[in-house]
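As annotated by TrEMBL, domain 'Alpha-macroglobulin-like TED' applies to 93-187. TrEMBL lists 372-428 with the feature domain 'A2MG CUB'. Annotation comment: TrEMBL describes 430-563 as domain 'Bacterial alpha-2-macroglobulin MG10'.
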Amino acid sequence: MLIPVRVLNGFGQGDIGLTITGMVLPNEKLPNYQHHWKIGVRPAYPAQTRHFANVLHSGDSWSLPAEATKGLAAETLQGNLLITSRPPLNLARYISELYAYPYGCLEQTVSGLYPSLYSNHAQLTALGIKADSDEKRRKSIDVGIEHLLSMQRYNGGFGLWSNDSPEEFWLTAYATDFLYRASQQGYSVPVAALTAANNRLQRYLQDPSQIEIRYSEQTKHTRFAVQAYAGLVLAQQQQASLGALRQLSTRSNDARSGLPLVQLGVALKLMGDMPRAKEAITQGLNTSRSDKDYWLEDYGSSLRDDALILALLTDNNLLPEARDTWMLSLSDALTSRNYLSTQESNAVFLAGRTLMSRAETPWQVAIAPQVEPIEQAETLTQSAALNQNWSAQQLAVGMQLQNRGDVALYSRVNVVGYPQQTPAPYSNNLHITRSYIGLDGQPLRLSQLKSGELVLVHLDVWADQRVPDALVVDLLPAGLELENQNLGDSSASLGESASSVTELMQDMQQSDIKHQEFRDDRYVAAVNVDAYRHTTLLYLARAVTPGVYQVPAPQVESMYVPDWRALGSTVPQLEIVK
C-alpha cells in the first residue's frame with residue numbers, strides 16, 4: 001500500500017502517523033494499528049543571516065526594518081538581540097555558529113571545542129544559547145579530544161583531516177595549545193600524546209627546515225609564524241628554549257602580520273626576557289596584515305590576528321590601554337563582516353570570553369513589539385550585557401528599542417531564516433556547476449527518473465584566484481541516496497559509449513582532493529582549486545522513493561576566506577517514478 005505524503009515548508013523533526021481501523025478477521029476484531037515515523041525536514045536552500053548594528057545615544061530609538069525578514073520563511077525565523085554599553089563582540093552569534101558548523105577538520109574541531117572549554121551552562125544560557133548540561137558539555141569535550149587525537153601523526157604533528165593527511169604545521173601548534181589548556185582545565189589528555197606534540201613543536205622552534213611550505217605566498221613569514229606559535233605553546237609549559245626564542249627575535253622582520261610577533265613577545269616574557277618581550281609586542285601592535293596576503297599558511301586574517309592579539313594581551317594582563325583601543329577596533333571590524341571562518345569565530349570568542357560576566361555601568365532600555373507604542377513599554381535597568389532570543393512570532397510583527405538612560409548603548413541584532421524562493425546563483429571568486437549523467441554517459445532528465453536508477457553527479461569547480469581550502473557541499477534531493485562510490489566497478493560495464501564518463505573520472509583523478517564525505521543527505525569534498533583550472537568531482541547516487549522533490553543548489557566556499565563562495569544554478573525539482 002502506497003501512502004502519498006506531501007511536505008510543505010518546515011524545519012526540524014517531522015512526525016508521520018498512521019492509524020488503521022476496522023481490521024477484522026473471521027470471528028475476531030483486531031485492535032487499531034498505529035505506527036509513527038520520524039523524518040528530518042530541512043529547506044532545500046542554505047540559511048541566510050542578516051545583521052544589524054547600531055549605536056543608540058540617550059533617547060534614541062531603533063526599529064527592526066521590514067527587509068530583516070523579507071523573503072524568509074516565517075516558521076524558520078530565529079533572532080538574537082545583544083545590547084551593551086561596551087563595544088560589543090556579540091559572542092552569542094559566534095559561539096552559536098561554531099556549535100552549528102557541521103564539518104570537522106583539525107582546525108574546525110579545535111575551534112568548535114573552545115567555547116565549551118571556557119564556558120559553563122549558566123554562561124551560555126545567559127547568552128541566549130541553548131546549552132547542554134555541564135556534565136554533557138564535559139563529555140563532548142572528551143569526545144572532541146579523542147577525535148582530535150585521531151588526527152595526530154606518527155611524529156607528533158597533526159594532519160588536517162586524519163593522521164594520514166599531510167602535516168599541518170601552524171595547526172599542530174594550535175592543536176597542542178588546546179590540548180595543554182584542556183589538561184589545565186582538568187580534562188584527561190594522554191601524557192604520551194601531549195609529549196609527542198610538544199616534542200614536535202621543539203623541532204619546529206629549533207629547526208625551521210622542518211616546516212614545509214605548500215602554498216604560502218610569503219615563506220619567511222610562514223616559518224616565523226609557526227616557530228613563534230610553537231615557542232608560545234612551549235613557553236606556557238616552561239619548555240621553550242630561551243636561546244631559540246632570542247634567535248627567532250632577530251628575524252622579526254620576516255613577520256607579515258602582528259600576531260606572531262605578539263606571540264613571540266609573550267613567549268619571551270614567560271621565559272624571563274622582558275626587554276625583548278616588550279620590543280616584540282610593540283612591533284607586533286604596529287604591524288598590520290596586508291589585505292593582499294590571503295595565503296600565509298597560518299589560517300589567519302586581519303580580523304583573526306587582531307582578535308588573538310587582544311586575547312593574548314588580556315590573558316597575560318598586558319597594556320590595558322591598548323586593549324581598550326583593540327576592543328573598539330575589533331568591534332567595528334565585525335560590523336562589516338557577513339561571514340566568518342571558524343578560526344575567526346573562535347578568535348573573537350577567545351578575545352571576549354572574560355567579558356561575558358563583567359559588570360557595566362547601569363543603563364536603561366525599553367524593548368517592545370512594533371505594534372505597540374514604545375513609550376508605553378517597561379524600562380529595563382541593566383548592569384551587564386543583555387542577550388535575548390527573538391521568536392519567529394516576535395520577528396514577524398517587528399521589534400523596537402529605545403535608550404532611556406544617559407549611557408550610549410550598542411545594539412546587535414541577528415536574524416536567521418531560510419529563503420522562501422530558490423536563491424539566485426552567485427559567485428565571488430569561486431564558481432560551481434552541476435550536471436546529472438546516466439551510466440551510459442548521456443545527460444539525465446530529472447523529470448523522468450525511475451526508482452532504482454543510478455545517477456552520476458558531476459560537479460565542476462573553478463576559481464579566479466587560487467583557493468587551497470575550498471569546501472564543496474552538494475545537498476541531496478530527498479528522493480536520492482548516495483550509492484557505492486566505487487566508480488571503477490561501475491565503469492567496468494559502461495562500454496565504449498561511456499567514454500565521456502571515463503574522461504570525467506580521469507579528470508577527477510587529476511584533481512587535488514584532500515577529503516571526501518558521503519553523508520545521508522549530502523556529498524562533501526575539501527579540494528585545492530588552482531586559478532582558472534577546473535576541478536572535477538563525481539559521485540554516484542540512486543533514485544529511491546517515488547515522488548516529486550526540490551533540488552538544492554550546489555555550494556562551494558573557501559573555509560578561511562569565507563567571503564569567497566558560490567551558489568550554483570539548479571533545476572527546481574526532480575520526479576522519481578516506479
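Just so you know, glycine gets a Cβ as well, placed from its N, Cα and C.
All annotation found in TrEMBL is predicted automatically rather than curated by experts.
Under DSSP, residues within the domain 'Bacterial alpha-2-macroglobulin MG10' (430-563) fall into helix, strand and coil as 23 helix, 66 strand, 45 coil.
Note: the domain 'A2MG CUB' (372-428) comprises 9 helix, 27 strand, 21 coil (DSSP; helix = H, G, I, strand = E, B).
Taken residue by residue, the domain 'Alpha-macroglobulin-like TED' (93-187) breaks down under DSSP into 59 helix, 4 strand, 32 coil.
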